[in-house]
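Read the structure below first, then the notes.
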């Protein structure tokens, strides 16, 4: 069965949407009293299930950049959930309207996927600084750097604006990575966790039979290596995208993946003439795998990487053998319900699915730094997988509603902390 996944098409991260207001809409504030009243009457209490047993935190890693920090809540994404909130209220679904309010307070990464979206970094920095000043709590801002030339070479749902045949590589370095790095470097009062180029290196491990991927090898390797060399600040923590367990977690693919990552770091060191650092690797970006599977799916039968925790543990020794850091962050922004997929290769707008466990450093795996939400739930994966799904990156309220309905209890169980 492992062989059948060697050419598995990945989950393509959707392009980020057009920026919106950085302030939460007034509707949320005005309706909060309605929800509190409903809670007081027992309308919500009966609906909230008993929370699962809390995971035990991993042994302390003082270098874990997420420990002691507050993950940045992206108001651009939170504002989009206002539509979902209103949809539930219109249907009289107070319980899920309440859950939506809590989801709006969860941290998500900010995607910078085009030259025109570089301003999102400025907006995130300004907002994080305000929150940090108001709360006195150190902010760690999650960003995604995603604009390689010939991007998304295997799936095509999130193809980018730069082409290697049209001076795309030079534009990537000068017009995208350079200002990106300058903006981040100037904000030394904040911490940053940056995910580098989702899906790209995974495609080089398994999809070189696709002409566009075969032609993108040096562009991908050198592009990511260049980004690494430009983001070597102490307050910046880099995570190279490592696909997910259903893609690179097979025994044959694990050493190949580690070799690919090592090659990129080698190129970064050669290009800069010095040793470059990364914190580790990001897994499950824009996919639907659980960190800790409650039910083992049949299609994972022959894989030791049957959830993302097992994938991280399986990949870690291969990384360490090559002198690479075995630290991970795992995207749990969307997790498929058990039985939602017939095959592991289903990646596009998978349903039923829900918001996964809320971001935390309690991961029950010593190589996993943190649970994070990288892919903003509710933004479409593309025109596939779900009836009438919009283009990649566009808001899909119907899909967002089922994410709320199936949300992990940790998303809303501590509601009283927000009032």
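Each Cβ is built from the backbone N, Cα and C atoms, and glycine gets one as well.
The active site, proton donor feature in Swiss-Prot is assigned to 152 (among others).
Classification of residue 199 (active site, proton donor) by DSSP places it in coil, neither helical nor stranded. Marked as active site, proton donor by Swiss-Prot: 199 (among others).
Residue 111 (substrate binding site) carries a strand DSSP state (E or B). What Swiss-Prot lists as substrate binding site is 111, 113, 247, 287, 347, 375, 379, and the listing cites similarity to another entry.
Annotated N-linked glycosylation site per Swiss-Prot: 284 (among others), in sequence order, evidence recorded as sequence analysis. Long-range Cβ proximity for residue 284 (N-linked glycosylation site), meaning a same-chain Cβ under 8 A and a gap of 6 or more residues, is found for 244, 245, 291, 308, 330, 331, 332.
For 298 (among others), the entry in Swiss-Prot reads N-linked glycosylation site. When secondary structure is read from DSSP and collapsed to three states, residue 298 (N-linked glycosylation site) falls in the helix class.
When secondary structure is read from DSSP and collapsed to three states, residue 364 (N-linked glycosylation site) falls in the coil class. Residues or ranges marked as N-linked glycosylation site by Swiss-Prot on the basis of sequence analysis: 364 (among others).
Residues or ranges marked as signal peptide by Swiss-Prot on the basis of sequence analysis: 1-47.
With respect to their backbone Cα atoms, residue 375 (substrate binding site) and residue 152 (active site, proton donor) stand 16 Å from each other.
Each of the recorded positions 113, 287, 364 was assessed for Cβ neighbours inside 10 Å, and the highest tally belongs to 287. The Cβ neighbour count for residue 347 (substrate binding site), using a 10 Å radius over every protein chain in view, is 27. Secondary structure at residue 247 (substrate binding site), taken from DSSP and collapsed to helix, strand or coil, is helix.
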